[in-house]
Amino acid sequence: MTNLSLPQSCSKTICWILTAIKTCVQTNQSLSMFLATPAGPWGRCMGSDCGPGGSQSRAVWCAHVDGWTTLHTNCDQGQRPLNQRNCFRVCDWHKDLYDWKLGAWNECVPVSARTFGALRPFTCSGGEEGIQTREVGCILKSDGSPAEDAICEYFEPKPRLEQACLIPCPQDCVVSEYSPWTSCSKTCGTGLKNRVRSVLVPPLFGGAICANLTEFQSCKLGPCTGPEGMYSLRVGPWNPCTLPQTRTERQAKRRKGKGQGLRDRAGVKDPETRELIQKKRTRNRLNRQESPFWDIQVGYQTRDVTCIHRNGSALNLMLSCVVKDLPLTVQSCVMPKDCQVTDWAEWGPCSKTCVDPETSRGNRSRIRQVLQFPVGEGAECPPLEESESCEPAGEGVPPCATYTWRTTEWSDCRVDPLLSQQDRRRSNLTGLCGGGLQTREVYCVQANAELLKYLNDLREKDKASRPVENKLCVGPIPNRSQLCQIPCPIDCEVSPWGAWGPCTFENCDDQAGKKGFKLRRRRITNEPTGGPGNCPHLVEAVPCDEPSCYNWQLVSLDECVPDDGKPCGPGTRLAQVQCEEVDRNLCSSSPALEPVPCEVPCSRDCVLSDWTSWSTCSQTCSSKTIEGKQMRTRSILAYNAGEGGTLCPNSSSLQEVRNCNEHACTVYHWQTGPWGPCTEDPSASSINTSISVRGGGDGQGPCSLGMQTRKVICVRVNVGQVPPKKCPDGPRPNTMRPCQLPCKKDCIMTPFSDWTPCPVTCDAGTTKQSRKRLIIQLPSNGGQDCPELLEEERDCEVPKICPGFRWKTHKWRKCQLVPWFLRQNSAGAQETCGPGLQTRAVSCRQLDGTQADISECLKFAKAMPTITQRCQLPCQDDCQLTNWSKFSSCTADCVGVRTRKRALIGRSKKKDKCKNTQMYPLSETQYCPCDKYNAQPVGNWSDCILPEGGRVESSLGMKVQGDIKECGQGYRYQAMVCYDQDNRLVETLRCNSHGYIEEACIIPCPSDCKLSEWSNWSRCSKSCGSGVKVRSKWLREKPYNGGRPCPKLDHINQVYEVVPCQSDCNQYVWVAEPWSVWKVSNVDLKENCGEGVQTRKVRCMLNTIDGPSESVEDYLCDPEEMPLGARESRLPCPEDCVLNDWGPWSRCSLVRAEPRSEMRTAYTLRSPSVGRECPNTTDSEPCSLNLNCFNYFYNITDWSTCQLSPTAVCGSGIKTRMLDCVRSNGKSVDMKFCEKLNLEKKWQMNISCVVECPVNCQLSEWSAWSECSQTCGLEGKMWRQRSVVQASQGDGRPCPSQMEQWKPCPVRPCYRWQYSPWSECRVESVVCGHGMRYRNLSCFVSDGSNDGEGSQVDEELCSSLELAVNGDKQIRLKEACTLPCPGECYLMEWSDWGSCVSICVKGAGVDFGSVQVRSRAVLAQEPENLQLCPDQAWESQPCTGGECYEYKWFSNGNASRPLIWCQRSDGLNVTGKFNPNLILRCPLQASICMCEEGFTEVLSPTGQLNQCAPIPILEIPTAGDKKGDVKTSRAINPTLPTTILPGRTGRTWYLQPYGPDGKLKMWVYGVAAGAFVLLIFIVSMIYLAW
């Protein structure tokens, strides 16, 4: 609480007052500690019923100023808020009853005015930010009564109440520079000179009004020598047309008497003359029949003729003005009638007759009829037809027809489109397979689900949809081509022949006969297409004798055992046999092999080795000249001891030869023919039905079982067919097999399309209409064939009545004069002659002349002819002449003359003045027209266009372009133009030209990349295991002109193909002959023993199933496996121990538990004598890895490239890889080494692959030529396009760049109606006043360019054009004008419309639209009449595309005569040059008028530029310069404010309290605070002074 201390020195009264104040303050401060009771938010409206009647409550409490709650009694109870109130309980169904009502946006108010409550000075920059508000309230929809906002807020948030807006800156009027001064208005005395300017931009948004557009300057060329003309005859405007008052009785009597006289005179005619007169009157009556659409009344109008003084005052006509020929003051006129129309008729039907919300709405129209056409100056007719969008209404409206694309079935797959130019297979297409291309047609049909049944129903093949025009279908067009695959046939591959088997019975179960066969077989290594039936024979047979089914087979022989237990000498060897790997019981009938005799040499005997195995038989069969032989050998291991020992045999005994393969060379086998066609099997129950399904697949589904047969014969090799009994029956192939019969496919066609429309014009000549149908499915497998007729054509019917309407004009009526009682007081007027008005009737006709409703001509005919015209009834003194005749014909162009004539009529023939041929010529002569024409080319050459040799794409079906010629010789065209002798454009036919110059041209044909043929495959890189083989192509010719590109080549322009290959490790083997006889080096002649050498020949031989066959080069065999060709050893001496050759080494095992060595053994052939020992019969070597012990594993090669069939170009192929058995030292070995180890084979050796097909770019056919880009002129072009149907793929030929072509249109002259310039204002024979000015409508021809206006030609050439000028059908050939009287001040004619100007801020993105303006300035002639001048005028209209300008001050830089001006950014001077000391008014648009550098702007209080003042020179003393030296410096910009406002940068010398954001600056608050503190200080001082 505040303590108030009273001053000690105060009066009682003052102290009492101060004490009361202190008490009051203390009381108030105590009460103010408790605030008014705060209240919480209103709760939810509760109640049992929806609507009013609910209640809601809220909490109310009393709080201390510090925030703590206290008793309610501490707060003022009078200010306690309500804690409960009635409310409106909202339910969901209220949403349809209540809604927000949005008011209109109020005027845009500046933010500054709204913020601070009052407008403040504002520097506008393009536009001021503002806010506009609106009223938003919740209302009851039924009656619009207001409701609580809470009701509407329950369903939808309250719409915004305010929004930002932009207030345009005031746009001052902008005017152009003054024109030069006119000449003086007088030739003598004091006159005026004028100069004018026009309005460029009108004042907008409260901007300054336009300044005067005219400046006056007095002029005086000299004193007048004679009296100055002071008076002028002035003609006033014509008054409105009025009907004359009632005729006088005298006129009625005179007309009655005149009519009676005519009837009396007519009565004297003879009957024939009377009949002719009656017909003429009837015809005239028909011509004058009153149309119900025109009510023409001829009235009269008057005008005043006054005498005007130079000062503008009117004087007595007869006294002041000298009148020779007074102008007409009364004339006939047509009483104006406004157009009258009927009420609108009912709306017509909607053009859209179906329901489809996705398509655009239809239109409906209604019309009204004309009751009264406008006559005279009456108001024109309003539109007689109006339309609006509509949707069909009512029940039973069908849905709109929708259209969709359909396709025919795919054509057969063809490979030839993918072949390159160089491919030799182009000459023979049979057998091609792999990737190909197939096509189909695409057509448009009306979509209907019921019509799709034919796709699934086999029997309703006539339900195909009718094709319609392709333009009716929208959306993407289905593919018209696709890649396809022709399966390549797989050739059968067989293994080599196996060895001949033993001679066996043909049937071991029936061994009655003696006949037997030896068989050899081969197996299928690659299954062919169509099964094994397409493979060659797999079994060959040879007849043999003494067949047996099962024989004992020798396995081995035991050691030789001497007889009777002797240690040496003759003995036997027991044979170890088996029954050919079958049950031994089957061989029980065959005798077992006997023991083989042998001999164990004694110590002094000759020792021989065992016989070798029999060699391979030299022949496979025997004949009279050929026998098969086998050989075996043995060698001497030790010689005998001379005496007492068995001698060694001679060399011939060391070799044995026997016959082998003694069977005759008569080989037989079964030979099969090809399978015959699949024919019906009568035993099958299925019925082969005909189908018309064209679904997916090839449609070759099975329909029934059939049977195929083939011929099987027995063939003797190299002889031919033999009786079947020569071949064994066991392997005889089947002659019959079941098969599946393919279903028949009938031809499916669409119905015929609708007939193409016929032209509706009558001059189209003989035209035809056509219709067509498409083949959807071609027949196959004996189905019904397609009809040959796919297109029909017929002549169009010529319409009986040609559509079209024309106006028919009737005869002009009699010229009607102004009633005599109205003009009888006019000077020189005569009762029966003078100017008048005549009318005529107009009717509507069809082209054939029949009557038509006039509304048809209003819609379809040209402009209606005039129904009134001025006429002249000649007076007695006037010369009357006939109309001019037509010009006589010319015998030839450019030769002679032609004439036309006229003659005087009636009394004019006798009048002398009429005979004056100078004034009234009776003939005219002119030279015959000299029509010379000159043709010359114009424009550029067109594209090179190939002749139209191909088919034109139908509008009903789109096909894929085949191998259509796209290159070769074509033609290019250049337009020809034809001019006449006056250099006017005429039709090209005048120059005997069809409109073009043709020139041959060449479109180069594309040449594909050309490569050589594949070279032969190289030999496999390895003779054992997996290697690679290579073949290559090389570049022969690069592509050009868009040919197929080359594949990727290496640096020497070659492309390679590498595939893995497999070489059999046993294909080539080393064969060693027997060892030679020992050559003992230390010869012991007695014993022939000791150290010696044996040699043998080793050869590399081709290995076959029958053994090595022929020698080959040694490099083909493995050099590491080559047997030794020589060996050193000791030849045993007599009585020494003799062992046989070492046996094979035992196998080294890598298993640790087994011995880690290899062994070989030998056995004793001859025991040594007593005292001598045999050497060891066993030999061992330690096992060492990669020396005598090896690991084996499989090795997989990389995948080969994708391999295709030789007859394929692309498509599906196979990638292969090989499996090798590799020894641990890295050497490839025979697969048997790995197979013995049962190693896992987990690899896939073949996978399918795809070679991308080289698809050439497929284009659509050229479209039809477009309409000409211009209907006339020199620059018209026609275009045609094509599109990419199939983009190129792989190495296919790319698409050409030219997708459109153009050629010039035939040059046609551009005819147009064009006004001539307005004539001078004509006021008859007087000096000034209201008159008329005229212009003509002429036919002009041009070449369509913007250069020049063209040349005038005969109007007949424009007869086919609509009568309109620049689209304006209101033809105005005359208009009222005013010719100012001498001394009169008047308005000039309207200036031309100015350029379109945008009201904007350049660079700020603010644009308030565009405007253009025209103006009328004032011209004055007398200084005394300046006060009588009318006001200047301007008018504006909106426009589009206005240019945004900015303005800038410029000066001439001349200090002695400074001139400055404001210039627009396009260089236009908008102020003129003036002295800078004058007050200026610069346009505020963009507000960037500024002074040149070195000058500063001096502004008026309203912010307008007054003048540009030079920036003062400041004298700045230099610090430290004792002498006071002065440095001169010019201030750069002393008035630049610290904050540059956008837009107009108003430079001021006073403080600105507002910032650029419209808010008060901080220093303003500081100043206010300081002032407040100062005020408190002053009040305190005053208080203390008390």
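Cβ atoms are placed via backbone N, Cα and C, with glycine included.
Feature annotations, reproduced from TrEMBL:
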DOMAIN    173-224  domain 'Spondin-like TSP1'
REGION    244-282  region 'Disordered'
COMPBIAS  261-278  compositional bias 'Basic and acidic residues'
DOMAIN    339-391  domain 'Spondin-like TSP1'
DOMAIN    606-665  domain 'Spondin-like TSP1'
DOMAIN    747-802  domain 'Spondin-like TSP1'
DOMAIN    1009-1050  domain 'Spondin-like TSP1'
DOMAIN    1257-1310  domain 'Spondin-like TSP1'
DOMAIN    1482-1513  domain 'Thrombospondin type-1'
TRANSMEM  1562-1585  transmembrane segment
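Averaged across the domain 'Spondin-like TSP1' (606-665), pLDDT in this predicted model comes to 81.
Beyond the domain 'Spondin-like TSP1' (1009-1050), the same-chain residues lying 6 or more positions past its ends with a Cβ under 8 Å from any Cβ of the stretch are 420-422, 424, 967, 1056-1065, 1067-1068, 1116-1118, 1195, 1197, 1218-1222, 1228-1230, 1254, 1256, 1291-1294, 1296. The DSSP breakdown of the domain 'Spondin-like TSP1' (606-665), given as helix, strand and coil counts, is 4 helix, 19 strand, 37 coil.
For the domain 'Spondin-like TSP1' (173-224), the DSSP counts in helix, strand and coil order read 0 helix, 20 strand, 32 coil. Look at the domain 'Spondin-like TSP1' (1009-1050): DSSP puts its residues at 0 helix, 16 strand, 26 coil.
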